[in-house]
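Only one structure is covered here, and it is reproduced in the block below.
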Amino acid sequence: MSDGQSPSSPSVPAAAQVGVIMGSQSDWETMRHACDILKKLGIPFEARIVSAHRTPDRLAEYARTARERGLKTIIAGAGGAAHLPGMCAAWTTLPVLGVPVESRVLKGQDSLLSIVQMPGGVPVGTLAIGKAGATNAGLLAASILSLSDPALHQRLEVWRAQQTENVAETPAA
Ligand code: RP5
């Protein structure tokens, strides 16, 4: 699980701006799509396994120190009783984007409801279940960072334009 690097200095890892955390190794298949977007847009990030239930102290330490370590947004993905995004948001005032991972038994409905139903006062921006949610979490993190980064704003505009160009007008046979 490699971290992002600055596109201008490929040998020197840039300080992470986005923290991508997930409750388990089994979440990586979903969460790697958030990382893929961050990589494509040249946003330095770090990816970590941090479980609200199995490693609660790791979560508290991670979230409480996130802002002082230079992170600007956290993407948190979890499945089932998906308390990771909410508990992360409880420890930090950074924007927290929650990705409901598709669970085996309830297909991610449990993850979605666990993440989206936050009490007023502790927000988590909740995305769609699975790959689309992880991809959009990466894009939303990029949008947030682009507010104070004109070069990133430009890369994001180019990415969107390319996406539009890639949509065929007629379906392939
Ligand atoms: C959650 O439990 C994780 O986020 C994961 O989606 C789910 C299952 O974890 P494993 O049993 O696969 O480690 O904490």
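For all residues, glycine too, the Cβ spot is worked out from N, Cα and C.
According to TrEMBL, the domain 'PurE' annotation covers 16-167. Summarising the annotation, TrEMBL assigns substrate binding site to Ser24, Asp27, Arg54.
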Binding-site residues compared (Ser24, Asp27, Arg54) - highest count of Cβ atoms within 10 Å
Asp27
With an 8 Å cut-off on Cβ distance to the Ser24, Asp27, Arg54 Cβ center, who else from the chain surrounds the substrate site?
Met22, Gly23, Gln25, Ser26, Ile49, Ser51, Ala78, Gly79
